[in-house]
Amino acid sequence: MEQSANARQSTLRSRTQELNTLSVLSKDVSLEDAKKYWKDRQADGKVDWIFEKVLNKLKILWQKIKDGSATNLEYVRAVILVNEAGNLEEDLEEDLKEDTDTIHIDIHKENEVQENTDCSPERKEDTCLNLNTDCGTDVSGSEPECNSTVSPPAAERVYFGNHSCGPSCLSGINSFLFTKGNPLQLPISCDFQRCHLKINSPDDLSHILYKAPCGRSLRDYDEVHSYLTETGCHFLAVDNFSFNNHVRLDSNSSFNQGIVQDCDISNDVESVPVAFSNEIDNTRPSNFIYRKTSWPPGYSLNNFTDIFVKCCNCTDGCLDILTCSCLQLTAQAFTKCMESSLGIGPLGYKHKRLQEPIPTGLYECNVSCKCDRMLCQNRVVQHGLKLRLQVFKTNTKGWGVRCLDDVDKGTFVCIYAGRILIRTADCTVKSTPDDSVACGNEDHEDSTSTCALILSKRKRKTSHSDSEVTVMHTNPYSMRSHGLSVHRLSNTFSPRQARSGEREFSLQPLRRPKTKTSMLQKRRRQLIEEGACTVQNSSEEEGPTPPQSPEQKSSAGTKIQRNENSDETASGYVSEESSSSVISGGHPLEKPISKFKSKLNKTTVYLSTSPEQTCEENLHFLDASKEGNVGRFLNHSCCPNLFVQQVFVDTHQKCFPWVAFFTNSVVKAGTELTWDYSYDIGTAADQEIQCLCGQKTCKNKVV
């Protein structure tokens, strides 16, 4: 009995000493260095921040130990932390009785070099296993040596054996705890390590290396995509990683306490909260309905016909343009409209980031495609807002939007959402069963026409932020510079023509099925012949109206004539005896409708159907004055950090693209996000105001 007790105590003592050895700090860290480190952190005011990060890690580790989802490495980490905190042998005794032969740990000094084998053969490198998010690494020769730049150096080095990566490499990671923070921090929260490798080179630039939880090294986006595919990971994407050494994961800008603030103006509509802060006064943005996407959907306006031209069934993440039909659509549309496509590189997303705008539009994979929704590299905008944005009050420009974290180049920021409205630019109304509709027009009075994208904001005295200034945005991409034929745009209706009142507009009705529409058309003609419905003309409104109908105003202020029990349409009204209140006329009226007087006093984005679009075609645009998303607050700049891209997501109809914003450079945390309205000076001279962007290349005028 005594021999058995002595043997058990000897085993316990040896294993305790082994754990104590694991917790010994590196010999390279002296007492003076440690004191200096914490003094510097105290001076920077980051002591609380560092321990908060450590505490968060401990809470996660605590939960994993409790529910049994911890990995072997995490079990070892937990024992080391407990041992370092108190070396409580009584608490460890029962745990050490369990079988721990499956855990293999190699302990080496800092100055010793040990081969590290991972999934890729013949790789030799050290592993960074810290509690911090970033680690700086100096490389001399061929072996990197990790030194932390945020917290003290790693207390231990754990090496991994050769294996084939699979779902077990990411098992036990609870990704649902980290969905509303910096998207680039998500891999770090999932036990990935992001190391800066400083190589002795003339440019003295550091290189980024990611370490997977299983020890595999990820040196570029292709290796990241391969790893996520092999492990079947559905909570991480390629754009959650950044190999740009100018992008910091811990760059959090500190702002003054807002006089008025809100943690989420979207009211949980967005997957990421959209914060609001006013540090200048106690005003808030005017009330509006927050919409994640535009309404109504484009496919519904087209009567759910011809929604998608093609769909794919890729299994490689839609990387090969030769096999992906959706990638081919983007390339074909671009090649068709370009006079010469020689020297043009691959079009579309690269690692789920868009480096340059595509003037002819970008086709994403859709709901009909069989490709994996998370691993697909051609699905970005449809995933919605991922960045942490904040609406704030600027000193001179009204409301603006800034990012709360560093953003890499080509990253999707947000879309411009609103209510889709439709007008026609014909001198006479040609209502046919195939006409489209606008349901819920909120601004019948405000409209212009252009072949490209136009932004129109309400004009005020001192600023040009949302709902405060009228801005006309012509094509954000110069078609001429991209080789588009100029003669294709010769017949396009210009904004100047819209303001002069030479063109006449009408609001299209909601399209009905053809069978029902033909019945309604027949009924309308019968009513006109019987005298129940007449056509009346006036100096202000020329259009069909029901007899003895009082003149009323719509919600947007446009004067219309309608019966209390009937709905307004573009082609006529029906008497109360009619079976339907919505009419889609089938024949052109003898009298043209009233001349439209454009005042440009609403927040409106006009959508282009194609470079060949002419004034005879329907004009579709977004009105964000009453309904919209965070994109309605984006300001203008003559030197912007965003560019606009039309993306086809829920339909391939060229009339209904999604208007998306992407970064054209690295944007540091706290920087205001802006885009160029591309206003041509002199186009609307009576509505020009001073541009307040403050850039050296400022044009001084904007609408």
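Using N, Cα and C of the backbone, Cβ positions are placed for all residues, glycine too.
The model shown is predicted, which means the values in this text are computed figures rather than measured ones.
According to Swiss-Prot, the protein has these features:
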- Cys312, Cys314, Cys318, Cys324: Zn(2+) 1 binding site (BINDING)
- Cys312, Cys326, Cys365, Cys369: Zn(2+) 2 binding site (BINDING)
- 387-678: domain 'SET' (DOMAIN)
- Lys397, Gly398, Trp399, Arg632, Asn635, His636: S-adenosyl-L-methionine binding site (BINDING)
- 511-525: compositional bias 'Basic residues' (COMPBIAS)
- 550-560: compositional bias 'Polar residues' (COMPBIAS)
- 571-586: compositional bias 'Low complexity' (COMPBIAS)
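Closest to Cys369 (Zn(2+) 2 binding site) by Cα-Cα distance, out of the binding-site residues Cys312, Lys397, Arg632, Asn635, is Cys312. If you count neighbouring Cβ atoms within 10 Å for each of the binding-site residues Lys397, Arg632, His636, the highest count belongs to Arg632.
Secondary structure at Arg632 (S-adenosyl-L-methionine binding site), taken from DSSP and collapsed to helix, strand or coil, is helix. Of all the binding-site residues in the list Cys312, Cys314, Cys318, Cys365, the shortest Cα-Cα distance to Lys397 (S-adenosyl-L-methionine binding site) is found for Cys365. Sequence-distant neighbours of Cys312 (Zn(2+) 1 binding site) (same chain, 6+ apart, CB under 8 A from its CB) are Cys318, Thr323, Cys324, Ser325, Cys326, Leu327, Cys365, Cys369, Lys370, Cys371. In the three-state DSSP scheme, Cys326 (Zn(2+) 2 binding site) is classed as helix.
There are 22 other CB atoms within 10 A of the CB of Cys314 (Zn(2+) 1 binding site), with all protein chains counted.
On a Cα basis, Cys314 (Zn(2+) 1 binding site) lies 43 Å away from Trp399 (S-adenosyl-L-methionine binding site).
Neighbours of the Zn(2+) 1 site: apart from Cys312, Cys314, Cys318, Cys324, residues of the same chain with C-beta atoms within 8 angstroms of the site's C-beta centroid are Asn313, Asp316, Gly317, Leu319, Asp320, Thr323, Ser325, Cys326, Leu327, Cys365, Cys369, Cys371, Cys376, Asn378. Mapped onto three states, the DSSP output places Trp399 (S-adenosyl-L-methionine binding site) in strand. Taken as a whole, the domain 'SET' (387-678) shows an average pLDDT of 56 in this prediction. DSSP assigns Cys369 (Zn(2+) 2 binding site) to coil in the three-state reduction, outside any helix or strand. In this structure, the C-alpha atom of Asn635 (S-adenosyl-L-methionine binding site) lies 39 angstrom from that of Cys314 (Zn(2+) 1 binding site). Shown are the binding-site residues Cys326, Cys365, Cys369; of these, the residue with the fewest other Cβ atoms within 10 Å is Cys369. Take the binding-site residues Cys318, Cys324, Gly398, Asn635: by the count of other Cβ atoms within 10 Å of each Cβ, the lowest one is Gly398.
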